[in-house]
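Participant: Sending over a structure as structure tokens; questions will come in a sec.
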Amino acid sequence: MRPDQIQPEMYEKQLQDKQAELAKLMATLSLPEMEVFASQPTHYRMRAEFRIWHDGDDLYYAMFDSADPRTPIRTDQFLAASRLINELMPKLLDAVRDVPVLRYKLFQVDFLTTTTGEALISLLYHKPIDAEWNAAVQQLNNAFPACHFIGRSRKKKQIITRDFVMETLTVNGQKFHYQQVENSFTQPNAGISEKMLEWALDVTKEASGDLLEMYCGNGNFSIPLARRFDRVVATEISKVSVNSAQLNIAINGMHNVQVVKMASEDVSAALNGDVELPKSLVQAGVSELTPSVVLVDPPRAGLDDATVELIRKIDSILYISCNPETLKANLEALSNTHEVVRYAMFDQFPYTHHVETGVFLRRKAS
């Protein structure tokens, strides 16, 4: 993304263009009216990554145009990023510029912030980081007491205080707390994330019984939805995300959610009866689980055939998609057994062609 792509005066038009593109792609499917959830036009991203460009005595943040990836675009401020990131950007450079051990071979800075004012700053180097660097970054941390710092160089990660922030999302007036770990997946647009959670709660308001969730991440959906169901069993392949999910379940006081570390393909094979149930699923009580709803939030590749066959067996499907093309293919595969009753577009990534889509399906009457 180029910084000049952020044009607040064009926000509504780009939103309408996205809506039209999504409607065109999905035109061959039988869908209800699209619900559209707009983002804030500026300061919506809670995380951002910048290259660091060294030009003589000068030092500045840089972004690049994919059409010209060799030419840096000086980025002193970034309207897409949170206000806290924009506040920290010049202060950090001023603090690093005259400290050789912090400046030398620094090539990237990553910011992760929260709605509650926390910040985690990762400094990435093309050199080893050593005791001298550690002493200097400790002094830097003293100058930024509300921030946490991480140093990264080849095969090394140095944590100063901690490598995560605690985010709070407000959903229908209720606050939910989430650990978000550096370099792990979280939705970048907190405002849209809150709207997605509210929508998920709304479409499942008549649900009962149990929930099966696949690709649960850090428990983003699992935790608010837990109050809708008797039991929730959620699966996730990333060890870091599983650990965060378990912590988040505890700090939010949820006692009916269990998270299992397992790839979706293995979950599908086990629950479809193709292989024996692994011990982790047995311990989670999957044999006694009676899901009325399954929630899937797959990567851009969408759902594999075995997972489609698994979720086909469940009466209601809540599908969160980051790729409308693979979503369309999966919906076509499910069309013989299920119909879409709710359909929403979430502008998680303004000024880009990317969208998040949510659909809620119910089994067709026999």
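The backbone N, Cα and C atoms fix where each Cβ goes, glycine too.
Since this is a predicted model, take the numbers as computed values, not measurements.
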Participant: GLN187, TYR215, ASN220, GLU236 bind S-adenosyl-L-methionine in Swiss-Prot, but which of ASP130, ASP274, ASP297 does that record place at the same site?
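Facilitator: So, going by the record in Swiss-Prot, that would be ASP297.
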Participant: How many neighbouring Cβ atoms, not counting its own, are there within 10 Å of the Cβ of TYR215 (S-adenosyl-L-methionine binding site)?
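Facilitator: If we count other Cβ atoms within 10 Å of TYR215 (S-adenosyl-L-methionine binding site), we arrive at 23.
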Participant: So for ASP297 (S-adenosyl-L-methionine binding site), how many other CB atoms are inside 10 Å of its CB?
Facilitator: 22
Participant: For the recorded S-adenosyl-L-methionine site formed by GLN187, TYR215, ASN220, GLU236, ASP297, name the remaining residues of the chain with Cβ within 8 Å of the site's Cβ center, in chain order.
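Facilitator: Once GLN187, TYR215, ASN220, GLU236, ASP297 are set aside, the remaining close residues are PHE185, CYS216, GLY217, ASN218, PHE221, SER241, ILE320.
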Participant: Could you round the CA separation between ASN220 (S-adenosyl-L-methionine binding site) and GLU356 (active site, proton acceptor) to a whole angstrom and send it over?
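Facilitator: ASN220 (S-adenosyl-L-methionine binding site) to GLU356 (active site, proton acceptor), Cα-Cα distance: 15 Å.
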Participant: Give me the CA-CA distance between ASP297 (S-adenosyl-L-methionine binding site) and GLU356 (active site, proton acceptor), in Å, as a whole number.
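Facilitator: Cα of ASP297 (S-adenosyl-L-methionine binding site) to Cα of GLU356 (active site, proton acceptor) measures 10 Å after rounding.
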Participant: Just counting, how many other CB atoms are there within 10 A of the CB of CYS322 (active site, nucleophile)?
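Facilitator: CYS322 (active site, nucleophile): 19 neighbouring Cβ atoms within 10 Å.
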